[in-house]
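Everything below concerns the one structure shown next.
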Amino acid sequence: MAQQEVVEGFKFEQRHGKERVRVARVWKTRQGQHFVVEWRVGITLFSDCVNSYLRDDNSDIVATDTMKNTVYAKAKECSDILSAEDFAILLAKHFVSFYKKVTGAIVNIVEKPWERVIVDGQPHEHGFKLGSEKHTTEAIVQKSGSLQLTSGIEGLSVLKTTQSGFVNFIRDKYTALPDTRERILATEVTALWRYSYESQYSLPQKPLYFTEKYQEVKKVLADTFFGPPNGGVYSPSVQNTLYLMAKATLNRFPDIAYVSLKMPNLHFLPVNISNKDGPIVKFEDDVYLPTDEPHGSIQASLSRLWSKL
(Lines of atoms letter the chains of each structure in order from A and count residues from 1; the text may use other names and numbers.)
(Lines give C-alpha, C1' and ligand atoms only; values in the text may rest on other atoms or scores of the structure.)
Protein backbone atom coordinates (compact mmCIF):
# COMPACT_ATOMS: atom_id res chain seq x y z
CA MET A 1 0.00 0.00 0.00
CA ALA A 2 2.87 2.38 0.75
CA GLN A 3 4.02 4.27 -2.31
CA GLN A 4 7.73 4.55 -2.86
CA GLU A 5 8.95 8.01 -3.79
CA VAL A 6 12.29 9.40 -4.88
CA VAL A 7 13.33 12.11 -2.46
CA GLU A 8 16.60 14.02 -2.82
CA GLY A 9 18.10 11.08 -4.71
CA PHE A 10 16.87 8.41 -2.26
CA LYS A 11 14.04 5.90 -2.29
CA PHE A 12 11.59 6.85 0.44
CA GLU A 13 8.53 5.23 2.04
CA GLN A 14 6.65 6.49 5.06
CA ARG A 15 3.61 5.85 7.21
CA HIS A 16 2.52 6.92 10.66
CA GLY A 17 -0.09 5.95 13.20
CA LYS A 18 -1.04 5.28 16.80
CA GLU A 19 -0.57 2.03 18.72
CA ARG A 20 -2.03 0.49 21.88
CA VAL A 21 -5.11 2.68 22.12
CA ARG A 22 -7.20 0.95 24.77
CA VAL A 23 -10.95 1.43 24.72
CA ALA A 24 -13.85 -0.30 26.47
CA ARG A 25 -17.47 0.08 25.38
CA VAL A 26 -20.58 -0.91 27.34
CA TRP A 27 -24.03 -1.32 25.81
CA LYS A 28 -27.17 -1.63 27.95
CA THR A 29 -30.48 -3.11 26.84
CA ARG A 30 -33.88 -1.95 28.04
CA GLN A 31 -34.20 -5.29 29.81
CA GLY A 32 -31.17 -4.45 31.98
CA GLN A 33 -28.63 -6.73 30.29
CA HIS A 34 -25.18 -5.26 29.71
CA PHE A 35 -22.63 -6.10 27.00
CA VAL A 36 -18.98 -5.08 27.15
CA VAL A 37 -15.95 -5.19 24.87
CA GLU A 38 -12.37 -4.14 25.57
CA TRP A 39 -10.19 -3.47 22.57
CA ARG A 40 -6.55 -2.56 21.99
CA VAL A 41 -6.49 -0.60 18.76
CA GLY A 42 -3.61 0.13 16.39
CA ILE A 43 -3.86 2.57 13.48
CA THR A 44 -1.56 3.08 10.50
CA LEU A 45 -2.20 5.77 7.90
CA PHE A 46 -0.70 6.08 4.43
CA SER A 47 -0.79 9.72 3.37
CA ASP A 48 0.92 12.38 1.33
CA CYS A 49 2.84 14.14 4.08
CA VAL A 50 6.39 14.01 2.72
CA ASN A 51 6.95 17.67 3.56
CA SER A 52 6.77 16.87 7.27
CA TYR A 53 9.86 14.69 6.83
CA LEU A 54 11.81 17.00 4.55
CA ARG A 55 11.09 20.40 6.08
CA ASP A 56 9.23 22.09 8.92
CA ASP A 57 5.79 21.68 7.33
CA ASN A 58 3.26 19.59 9.26
CA SER A 59 0.21 20.90 7.40
CA ASP A 60 -0.58 17.49 5.84
CA ILE A 61 -0.21 15.38 9.00
CA VAL A 62 -3.10 13.78 10.87
CA ALA A 63 -1.79 13.96 14.44
CA THR A 64 -1.53 10.62 16.20
CA ASP A 65 -3.34 12.17 19.18
CA THR A 66 -6.22 12.91 16.81
CA MET A 67 -6.24 9.24 15.81
CA LYS A 68 -6.50 8.27 19.47
CA ASN A 69 -9.38 10.67 20.07
CA THR A 70 -11.15 9.33 16.98
CA VAL A 71 -11.20 5.83 18.47
CA TYR A 72 -13.16 7.07 21.48
CA ALA A 73 -15.43 9.31 19.40
CA LYS A 74 -16.36 6.48 17.04
CA ALA A 75 -16.89 4.07 19.95
CA LYS A 76 -19.31 6.61 21.44
CA GLU A 77 -21.18 6.87 18.13
CA CYS A 78 -21.75 3.09 17.99
CA SER A 79 -25.17 2.85 19.60
CA ASP A 80 -25.49 -0.86 18.81
CA ILE A 81 -23.08 -3.62 19.81
CA LEU A 82 -20.73 -4.52 16.97
CA SER A 83 -17.86 -6.87 16.23
CA ALA A 84 -14.18 -5.97 16.39
CA GLU A 85 -14.09 -6.47 12.61
CA ASP A 86 -16.91 -3.99 12.01
CA PHE A 87 -15.30 -1.41 14.28
CA ALA A 88 -11.94 -1.81 12.52
CA ILE A 89 -13.61 -1.31 9.13
CA LEU A 90 -15.57 1.68 10.44
CA LEU A 91 -12.40 3.36 11.72
CA ALA A 92 -10.36 2.67 8.59
CA LYS A 93 -13.18 3.88 6.36
CA HIS A 94 -13.42 7.09 8.38
CA PHE A 95 -9.74 7.93 7.98
CA VAL A 96 -9.65 7.42 4.21
CA SER A 97 -12.88 9.35 3.62
CA PHE A 98 -12.49 12.18 6.16
CA TYR A 99 -8.92 13.17 5.29
CA LYS A 100 -8.10 14.18 1.72
CA LYS A 101 -4.41 13.32 2.01
CA VAL A 102 -4.96 9.82 3.45
CA THR A 103 -4.88 7.17 0.73
CA GLY A 104 -5.12 4.06 2.89
CA ALA A 105 -5.56 2.92 6.47
CA ILE A 106 -4.78 -0.20 8.47
CA VAL A 107 -6.64 -0.77 11.73
CA ASN A 108 -5.81 -3.76 13.90
CA ILE A 109 -7.65 -4.74 17.06
CA VAL A 110 -6.99 -7.23 19.84
CA GLU A 111 -10.10 -7.99 21.88
CA LYS A 112 -9.73 -8.90 25.54
CA PRO A 113 -11.78 -12.04 26.27
CA TRP A 114 -14.38 -10.86 28.80
CA GLU A 115 -17.00 -13.59 29.20
CA ARG A 116 -20.36 -13.36 30.92
CA VAL A 117 -20.40 -15.22 34.25
CA ILE A 118 -22.97 -17.80 35.25
CA VAL A 119 -24.38 -17.46 38.79
CA ASP A 120 -26.75 -20.13 40.16
CA GLY A 121 -27.12 -21.47 36.64
CA GLN A 122 -28.16 -18.11 35.19
CA PRO A 123 -26.19 -15.69 32.98
CA HIS A 124 -25.39 -12.61 35.05
CA GLU A 125 -26.81 -9.42 33.55
CA HIS A 126 -23.70 -7.32 34.15
CA GLY A 127 -20.98 -9.65 35.52
CA PHE A 128 -18.00 -10.82 33.45
CA LYS A 129 -14.80 -12.83 33.95
CA LEU A 130 -11.61 -12.84 31.91
CA GLY A 131 -11.19 -15.76 29.53
CA SER A 132 -8.04 -17.00 27.80
CA GLU A 133 -7.64 -16.78 24.02
CA LYS A 134 -7.91 -13.40 22.29
CA HIS A 135 -9.86 -12.38 19.19
CA THR A 136 -7.80 -10.35 16.70
CA THR A 137 -8.62 -8.55 13.49
CA GLU A 138 -7.04 -6.30 10.87
CA ALA A 139 -8.86 -4.19 8.30
CA ILE A 140 -7.01 -2.59 5.38
CA VAL A 141 -9.10 0.00 3.53
CA GLN A 142 -8.03 2.16 0.59
CA LYS A 143 -9.63 5.35 -0.65
CA SER A 144 -10.82 3.45 -3.72
CA GLY A 145 -13.05 1.35 -1.43
CA SER A 146 -11.01 -1.84 -1.66
CA LEU A 147 -10.84 -3.93 1.50
CA GLN A 148 -8.77 -6.72 3.04
CA LEU A 149 -10.18 -8.21 6.24
CA THR A 150 -8.30 -10.66 8.44
CA SER A 151 -9.41 -12.21 11.73
CA GLY A 152 -7.58 -14.44 14.14
CA ILE A 153 -7.05 -16.11 17.49
CA GLU A 154 -4.14 -15.67 19.87
CA GLY A 155 -3.41 -18.01 22.76
CA LEU A 156 -5.74 -20.95 22.05
CA SER A 157 -4.13 -23.47 24.43
CA VAL A 158 -5.09 -27.10 23.75
CA LEU A 159 -3.76 -30.42 25.04
CA LYS A 160 -4.58 -34.09 24.68
CA THR A 161 -3.04 -36.76 26.88
CA THR A 162 -2.97 -39.54 24.28
CA GLN A 163 -3.57 -40.26 20.59
CA SER A 164 -0.33 -38.59 19.54
CA GLY A 165 3.02 -39.88 18.33
CA PHE A 166 6.09 -39.07 16.26
CA VAL A 167 8.06 -41.75 14.40
CA ASN A 168 10.24 -42.36 11.32
CA PHE A 169 11.85 -38.91 11.23
CA ILE A 170 15.41 -38.29 9.99
CA ARG A 171 18.05 -39.87 12.20
CA ASP A 172 21.71 -38.93 12.25
CA LYS A 173 24.58 -38.61 14.71
CA TYR A 174 22.88 -35.65 16.40
CA THR A 175 19.54 -37.38 16.98
CA ALA A 176 18.62 -38.47 20.50
CA LEU A 177 14.82 -38.36 20.34
CA PRO A 178 13.25 -41.85 20.39
CA ASP A 179 10.26 -42.89 18.30
CA THR A 180 6.99 -42.81 20.20
CA ARG A 181 3.38 -43.63 19.43
CA GLU A 182 2.14 -42.46 22.81
CA ARG A 183 2.71 -38.93 24.08
CA ILE A 184 1.01 -35.77 25.26
CA LEU A 185 0.34 -33.25 22.50
CA ALA A 186 0.07 -29.64 23.67
CA THR A 187 0.20 -26.38 21.77
CA GLU A 188 -0.87 -22.75 21.85
CA VAL A 189 -2.54 -22.00 18.54
CA THR A 190 -2.15 -18.66 16.80
CA ALA A 191 -4.52 -18.56 13.84
CA LEU A 192 -5.18 -16.01 11.12
CA TRP A 193 -7.80 -16.26 8.41
CA ARG A 194 -8.53 -13.81 5.62
CA TYR A 195 -11.99 -13.31 4.23
CA SER A 196 -12.70 -13.21 0.51
CA TYR A 197 -14.56 -9.88 0.62
CA GLU A 198 -12.75 -7.30 -1.51
CA SER A 199 -14.88 -4.20 -0.91
CA GLN A 200 -16.90 -2.65 1.88
CA TYR A 201 -20.06 -3.14 -0.18
CA SER A 202 -19.72 -6.93 -0.37
CA LEU A 203 -19.67 -7.46 3.41
CA PRO A 204 -22.45 -9.45 5.14
CA GLN A 205 -25.09 -7.18 6.68
CA LYS A 206 -25.98 -9.56 9.51
CA PRO A 207 -25.24 -7.96 12.91
CA LEU A 208 -22.30 -9.55 14.74
CA TYR A 209 -21.62 -11.82 11.75
CA PHE A 210 -17.87 -11.79 12.33
CA THR A 211 -18.18 -12.38 16.08
CA GLU A 212 -20.21 -15.51 15.35
CA LYS A 213 -17.74 -16.55 12.66
CA TYR A 214 -14.86 -16.20 15.13
CA GLN A 215 -16.59 -18.59 17.54
CA GLU A 216 -17.36 -21.03 14.73
CA VAL A 217 -13.78 -21.06 13.41
CA LYS A 218 -12.45 -21.57 16.93
CA LYS A 219 -14.77 -24.56 17.35
CA VAL A 220 -13.68 -26.11 14.04
CA LEU A 221 -10.01 -25.74 14.95
CA ALA A 222 -10.51 -27.28 18.40
CA ASP A 223 -12.79 -30.09 17.20
CA THR A 224 -10.28 -31.07 14.50
CA PHE A 225 -7.43 -31.07 17.02
CA PHE A 226 -9.26 -33.27 19.54
CA GLY A 227 -11.38 -35.54 17.32
CA PRO A 228 -14.55 -37.30 18.53
CA PRO A 229 -15.24 -37.21 22.31
CA ASN A 230 -14.89 -40.99 22.55
CA GLY A 231 -11.53 -42.12 21.21
CA GLY A 232 -10.37 -38.83 19.70
CA VAL A 233 -8.19 -38.87 16.60
CA TYR A 234 -4.56 -39.92 16.24
CA SER A 235 -1.98 -37.23 15.47
CA PRO A 236 1.20 -38.53 13.76
CA SER A 237 2.79 -35.06 13.99
CA VAL A 238 1.97 -31.46 14.80
CA GLN A 239 2.44 -30.80 11.08
CA ASN A 240 -0.33 -33.19 10.06
CA THR A 241 -2.72 -31.94 12.71
CA LEU A 242 -2.05 -28.33 11.70
CA TYR A 243 -2.81 -29.11 8.06
CA LEU A 244 -6.05 -30.89 8.92
CA MET A 245 -7.14 -27.95 11.07
CA ALA A 246 -6.47 -25.45 8.28
CA LYS A 247 -8.17 -27.64 5.67
CA ALA A 248 -11.23 -28.13 7.87
CA THR A 249 -11.54 -24.35 8.20
CA LEU A 250 -11.47 -23.76 4.44
CA ASN A 251 -13.88 -26.63 3.82
CA ARG A 252 -16.34 -25.35 6.42
CA PHE A 253 -16.35 -21.64 5.54
CA PRO A 254 -16.60 -20.67 1.85
CA ASP A 255 -16.02 -16.96 2.55
CA ILE A 256 -12.58 -17.65 4.04
CA ALA A 257 -9.85 -17.63 1.38
CA TYR A 258 -6.70 -18.13 3.44
CA VAL A 259 -5.70 -19.68 6.77
CA SER A 260 -2.38 -19.43 8.60
CA LEU A 261 -1.61 -21.45 11.72
CA LYS A 262 1.31 -21.32 14.12
CA MET A 263 1.45 -24.22 16.59
CA PRO A 264 4.48 -24.56 18.88
CA ASN A 265 5.06 -28.06 20.22
CA LEU A 266 4.93 -27.54 23.99
CA HIS A 267 6.77 -30.50 25.41
CA PHE A 268 5.75 -32.80 28.26
CA LEU A 269 8.88 -34.82 28.97
CA PRO A 270 8.64 -38.30 30.53
CA VAL A 271 9.99 -38.40 34.08
CA ASN A 272 12.34 -41.27 34.96
CA ILE A 273 14.29 -40.90 38.20
CA SER A 274 16.55 -43.52 39.70
CA ASN A 275 19.49 -43.88 42.05
CA LYS A 276 21.91 -46.68 42.88
CA ASP A 277 19.13 -48.52 44.68
CA GLY A 278 16.83 -48.53 41.67
CA PRO A 279 13.92 -46.52 40.28
CA ILE A 280 12.42 -43.67 42.28
CA VAL A 281 9.98 -42.73 39.53
CA LYS A 282 9.37 -45.17 36.69
CA PHE A 283 7.62 -43.56 33.75
CA GLU A 284 4.41 -45.32 32.73
CA ASP A 285 2.72 -42.60 30.68
CA ASP A 286 1.76 -40.85 33.88
CA VAL A 287 4.34 -38.39 35.30
CA TYR A 288 5.73 -35.64 33.07
CA LEU A 289 7.90 -32.53 33.23
CA PRO A 290 6.08 -29.74 31.33
CA THR A 291 8.41 -27.31 29.57
CA ASP A 292 8.10 -24.74 26.81
CA GLU A 293 11.77 -23.76 26.63
CA PRO A 294 12.95 -24.78 24.16
CA HIS A 295 9.92 -25.79 22.11
CA GLY A 296 9.25 -26.90 18.56
CA SER A 297 7.91 -24.26 16.16
CA ILE A 298 5.56 -25.38 13.40
CA GLN A 299 3.63 -23.07 11.10
CA ALA A 300 2.01 -23.22 7.68
CA SER A 301 -0.64 -21.50 5.58
CA LEU A 302 -3.32 -22.81 3.26
CA SER A 303 -5.26 -20.86 0.64
CA ARG A 304 -7.70 -21.58 -2.13
CA LEU A 305 -6.29 -21.88 -5.66
CA TRP A 306 -8.29 -18.87 -6.83
CA SER A 307 -7.15 -16.73 -3.91
CA LYS A 308 -4.94 -13.72 -4.71
CA LEU A 309 -3.03 -14.24 -1.45
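Placement of Cβ uses the backbone N, Cα and C atoms for every residue, glycine included.
Small disclaimer: the values here were computed from a predicted structure and weren't measured.
According to Swiss-Prot, the feature active site, charge relay system maps to K18 (among others). A 10 Å cutoff on Cβ-Cβ distances gives K18 (active site, charge relay system) a total of 20 other Cβ atoms nearby, all chains included.
According to Swiss-Prot, the active site, charge relay system annotation covers T64 (among others). Other C-beta atoms found within 10 angstroms of the C-beta of T64 (active site, charge relay system) number 15, with every protein chain shown included.
Annotated urate binding site per Swiss-Prot: T64, D65, F166, R183, V238, Q239, N265, in sequence order. N265 (urate binding site) carries a strand DSSP state (E or B).
H267 (active site, charge relay system): 17 other CB atoms within 10 A of its CB, across all protein chains. Summarising the annotation, Swiss-Prot assigns active site, charge relay system to H267 (among others).
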Local Cβ density at V238 (urate binding site) - other Cβ atoms counted within 10 Å: 22
Coarse DSSP state, helix versus strand versus coil, of D65 (urate binding site): helix
Of the active-site residues listed as K18, T64, H267, the one whose CA lies nearest the CA of F166 (urate binding site): H267
Candidate active-site residues K18, T64, H267, pick with smallest Cα gap to R183 (urate binding site): H267
Nonlocal neighbours by CB distance (under 8 Å) for N265 (urate binding site), same chain, sequence gap 6 or more: L185, A186, T187, V238, H295, G296, S297, I298
